[in-house]
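Trainee: Provided herewith is a single structure, encoded as C-alpha cells, for subsequent inquiry.
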C-alpha cells in the first residue's frame with residue numbers, strides 16, 4: 001500500500017512538472033542567467049544568481065502551466081501535445097490554475113523581496129505578455145502572433161540584467177533584439193512540419209494562412225536579419241572578436257538551413273532547422289559569455 005502511495009505521488013508530481021514545459025523553461029532561464037553575468041564586469045552576487053534564477057524560473061513555469069490551461073482543447077487535437085496532463089484528464093483546470101498561481105506568486109514574491117522590484121515588475125509584464133497577450137489574444141487571431149508575441153519571449157536576458165544591476169541597459173536591449181529576431185524562424189520551422197495539426201486546431205499559423213512557400217521564404221529572410229542583429233553587440237563594443245567569429249559561423253549555418261528549406265522543402269529538414277535553432281541560441285549566448293570574460297579586441 002505504501003509503495004502504491006509513493007508511486008501515485010511520484011506520478012502526480014510528473015503530471016504537474018509536465019505543465020511547466022521544462023525544456024522550454026530551461027532555455028529561458030539559461031538566457032536570463034547569461035544576462036546576469038553579462039551585466040557586471042566580474043560576477044553577480046550569489047544571492048542574485050540563485051534568487052533571480054529561481055524566481056524567473058518559477059514565473060516562466062507558471063506561464064507555461066497557464067498556457068496549458070488556456071490551450072487544453074487545442075492540445076487535445078494536436079499529436080505533439082495531446083499527451084499533456086490536461087487533454088488526458090489527469091489534472092483539472094482548477095488544479096492547474098492553483099498550481100500556476102502558487103508558482104507565479106512565489107516567484108514574484110522572491111524576486112521582489114530578494115532581488116529587486118524592477119525585476120519583479122518586468123517578470124510580471126513578461127508573464128502577462130506571454131500568458132495573456134500572446135496565448136489568449138494573438139495566437140488564435142493573427143499569423144503574425146509569433147512576431148508580435150515574440151517580445152515576451154525575448155525578455156529573459158533583460159530580466160537577468162535587471163536582476164544583477166537594478167536597471168535596464170541598452171546592451172540588455174541588444175540581447176532582447178537577438179532573441180526577438182530569432183523567434184520567427186525558430187517557431188515557423190516548427191509550424192512548417194506541424195502545419196496540418198495547426199490547421200486542424202484552427203490556429204492561424206503562417207504556413208496555414210499563407211502557405212508553405214511563403215513561410216519558407218520568411219524563415220530565410222529572418223535568418224539573414226538575425227545574423228545582422230547578432231552582430232550589433234560587436235558594433236557597440238559590448239562583444240569582441242571571439243563572439244564575432246562565433247556569431248558569424250553560427251549565423252551562417254542558420255542561413256544555410258534557411259536557404260536549403262527555401263529551395264527544397266521536407267518535413268525532416270524543417271525539423272532539423274527547428275532543432276538547430278535551439279542549439280544556435282544556446283551556443284550564441286554561451287560564446288557571448290565566454291567573450292565577456294576572455295575579451296579579444298576586434
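Count begins at 1; order follows the chain as displayed.
A Cβ is built for glycine as well, from the same backbone N, Cα and C atoms used for every other residue.
Swiss-Prot lists these features:
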- 24-44: transmembrane segment (TRANSMEM)
- 46-66: transmembrane segment (TRANSMEM)
- 97-117: transmembrane segment (TRANSMEM)
- 118-138: transmembrane segment (TRANSMEM)
- 146-166: transmembrane segment (TRANSMEM)
- 172-192: transmembrane segment (TRANSMEM)
- 231-251: transmembrane segment (TRANSMEM)
- 278-298: transmembrane segment (TRANSMEM)
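Could you tell me the structural context for the features on the list?
Mentor: Outside the transmembrane segment (46-66), and at least 6 residues removed from its termini, the chain residues within Cβ reach (under 8 Å) are 19-22, 24-25, 28-29, 32-33, 36, 96-97, 99-101, 103-104, 106-108, 110-111, 114-115, 119-120, 123-124, 126-127, 130-131, 135, 156, 159-160, 163-164.
For the transmembrane segment (118-138), same-chain residues at least 6 beyond its ends with a Cβ under 8 Å from one of its own Cβ atoms are 52, 55-56, 59, 62-63, 66-67, 70-71, 104, 107-108, 111-112, 144-145, 148-149, 151-153, 155-156, 158-159, 162-163, 166-168.
Cβ atoms under 8 Å from those of the transmembrane segment (146-166) belong to residues 28-29, 31-40, 44, 48, 51-52, 56, 60, 111, 115-116, 118-119, 122-123, 125-126, 129-130, 133-134, 138-139, 172-173, 175-180, 183-184, 187-188, 205-206, 285 of the same chain, restricted to positions at least 6 beyond its ends.
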Trainee: Within the same chain, where does the transmembrane segment (24-44) have neighbours whose Cβ lies under 8 angstroms from its own Cβ atoms, ignoring anything closer than 6 residues to its ends? I mean 6 or more beyond.
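Mentor: Tertiary neighbours of the transmembrane segment (24-44) are 52-53, 56-57, 60-61, 64, 153, 156-161, 163-165, 169, 171-172, 175, 179, 238, 278, 281-282, 285-286, 288-289, 292.
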